[in-house]
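First up is the structure itself, then whatever we jot down about it.
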Amino acid sequence: MRKGLFLSKAVVVTCVVAAIGAAATIIALSVVYAQEKSKNEMTLQSTDSPTTSPTSPTTPSTPKEPWQRYRLPESLAPISYNVTLWPRLEPDADNLFIFTGHSTVVFRCVKETELLLIHSNKLILTSFEGYFAKLRGLSGAAAPSLKDTWLEIPTQYLVVQLNSPLQAGSTYELYTEFVGELADDLGGFYRSEYIEDGMTRVVATTQMQPTDARKAFPCFDEPAMKAVFHMTLIHPHETVALSNSMNYDPVNITMNGHNLIRTSFEPTEIMSTYLLAFVVSDFKFISMPPNADVLIRIWARRKAIEEGQGAYALEKTGSILAFFEDYYNSSYPLTKSDQIALPDFSAGAMENWGLITYRETALLYNPGVSSNGDKEWVAIVISHELAHMWFGNLVTTRWWNDLWLNEGFATYVSYLGANFAEPTWNMKDLIVLNQIIGVMSVDALASSHPLSSKEEDVLTPEHISELFDTITYSKGAAVLRMLSEFITETVFSNGLHTYLEEFKYNNTVYTDLWKHLQMAVEKANIKLPHSVEVIMNRWILQMGFPVVTINTQTGEITQKHFLLDPDSVVDRPSEFNYEWFVPITWIKNVGDEQQYWLLKKEATNTNMTLVGANDWLVANMNTKGFYRVNYDSDNWERLLAKLSSRHLDIPVINRAQLIDDAFNLARAKMVSTTLALRTTKFLDKELEYMPWETAKRNMNYFYLMFDRSEVYGPMQAYWKKQVTPLFNHFKEITVNWTKIPENHNDQYNQVNAISMACSTGVEGCEALTTGWFKEWQDNPANNTISPNLKYTVYCSAIAAGGEKEWDFAWSMFKNATIATEADKLMSALSCTKEPWLLNRYLGYCLDPKKIRKQDATSTIISIASNPIVFSSFARLNILLTKANMNWVALNNKEVFDWFTSEAPIPN
């Protein structure tokens, strides 16, 4: 799960686009960071083996040579690997951390060939009589002699040319020895460091996805090249070695005068290279009772385990595994589930089969320090990764162009698993807020892209990495959720079961899933207007989504490609002409939900007409479908009236949806800006989290556009008026802020109440937050601030304060031993209004001793999101964007007049 992200890249991209204006600054600052990072990267110059040779330069070749193509030929198929690795947890004489190893891969020749290509990247290979490998035939097969070997750097191959061909049907083994750098680059076999009890400790760990297994040992590094792995790790005493499968009893050995331990592991199931993992550390663990069907262990730093930070993960892993066993109707494929929290990890987590790796914030939870959001994140990420144990690991997509199916599916069902583990949290509702609303802002741009790509369009490691974005994760989740809704969750689950049964330990393409879902649909006698494949092709093979306009006077329904900037040019062609098969759900008044399929650009459904003077209609119930909805002006007025009089008659998700649709339709010039603003008038009576959070996010665009105009004062006054009742509500139910709300979403909305009240100047709010922070400053050993409110309090106090407050927060950040606490402080430090402190903080991002590499990008984003940075660096670029200039010019007077009429500023 790429979230850091989230997050997978997914959340980072969503936040950046939602903020709009941060883009220019983030890009510029990230370039600075990347340049600084590149200066610090070191190339391995020497090793401890006299038989190794430096990396060969690329051999000149024509573009048509096989080793210049990024995809492996189909002539060879791996069967098994036997890999031994020895990571050095202390630097050598050149102050480098290295690992040495050797690998034997057994493979079958599928098509006769005189060429052997295997991936190898940043490894120094040992030379045997002038060649980088040894080849041997098995089961009576004769091995051809080697003609030449070299490393093809651009395509990351070890190339082995032979004097005669390998024979189809025969098996062979290729042996290599190598040295690599155990760098701190967060990819392949890498080094993580942390300080405990005043000592720096080193962890050797891995992140193979998508194309970094080749940095650990030579391998056929493509998802379809599945094999069995026999792993052995050499490591120091006082450390433990982990891998995908259970270990045999460790053996004491001596190598090069070092007393070491050799830990070998049982053979893995047949699996892809990107799912391989191994870790050497001094971590401790907690586990389920030994008589459990599946061994579940939570690994982390010793102090984290002793403090009980792994207890929540251990408690929920078993229940989530049980949920997925029932959901897939399939037993967990392995005998163990190790989960390990790493101090340095680029993604949110990684679904390595049997050894899932996490950022500390995604696995560890401390009830006294961590917030309900931290707890939710742990449940969601664990559920996401465990979903992959079947969908992604047992059955794997053939190539990275179908990454959306793997990650989008896991993102969707992670909310089902978390909902099972925490049934009072309403996680099935929160997917709308956390995933769907955000990605719609991205997919409404002309620069978006389809979910699915052609294999030939995704070739290089760079192209593959680009796919780990919010479209892949969040839109993938949204359209699969929509599919599950219109065929029913039971039928969806039944189709998954037969899909997993047919393709277990194998590879697929997305149409294989459509086939099995279609079988389940037909078996259940579900009536659809077209096959699953025909319907879904329009959602995955073209970018974007429709806005459906319903005229409740005539029953006319239309659809068109929704674009935030209606004047933008869409230069990506679509075979479907940007039309969709849309499952429209709706209710009239408070009646039963109905469904209608919109299969053309225009249609008429007289059931959607309104007769009574007080009738109203709302469509896309609970945002099941991935589309926006517009109405005739009369129905909009009826909906606004209903929100003002009895807003609870409209389901909570649809109250949030109405706000989000209206604001985005206004930006697309499809409704007036005042209509969008009027959808927020009922909020002075609203207590639910989702409508408030949706309104807050959409108003951020207004603040960005109008923060230096005459609109700003009336806008602040209006929001102060709207949020004051919410602030007072939470003050009352928490008994003057001394208790925590019981409801999960109420805890979130309490944070909204305080943050918005403080930012708009509600009386008593700033004194409240700065007072809490001052108490902590006076007694740093006793932080009594509620965990849920910590970030809001920290940010508010740092924004209201100066150098003293900032330095105190920095000191607390550097001394924090709990990752979630460090994260909150790290983000809050960017709230300061002092430009020179922001500049100092930006400098810290370039120093890994101050800000970990895994956190540098997110910290830069936080700094870039500060209004001071917007004003100083990015705002001019934003406002000079043609679409935004036009929008501001078009709406400035209208917005000013509306806010002034709603909340006039006293003279």
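Even glycines carry a Cβ here, placed using N, Cα and C.
Straight from TrEMBL, the features:
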type	residues	note
ACT_SITE	E385	active site, proton acceptor
BINDING	H384, H388, E407	Zn(2+) binding site
COMPBIAS	46-62	compositional bias 'Low complexity'
DOMAIN	78-275	domain 'Aminopeptidase N-like N-terminal'
DOMAIN	312-539	domain 'Peptidase M1 membrane alanine aminopeptidase'
DOMAIN	616-868	domain 'ERAP1-like C-terminal'
REGION	42-67	region 'Disordered'
SITE	Y473	site 'Transition state stabilizer'
Cβ neighbour count within 10 Å, max among the binding-site residues H384, H388, goes to H384
Just counting, how many other CB atoms are there within 10 A of the CB of E407 (Zn(2+) binding site)? 27
Can you count the other CB atoms that lie within 10 A of the CB of Y473 (site 'Transition state stabilizer')? 34
What's the CA to CA span in angstrom from Y473 (site 'Transition state stabilizer') over to E407 (Zn(2+) binding site)? 5
To the nearest whole angstrom, state the Cα distance for the pair the residue listed as 'active site, proton acceptor' and E407 (Zn(2+) binding site). 10
Cβ neighbour count (10 Å, all chains) around E385 (active site, proton acceptor) is 29
Give, as a single whole number between 0 and 100, the mean pLDDT over the domain 'Aminopeptidase N-like N-terminal' (78-275). 97
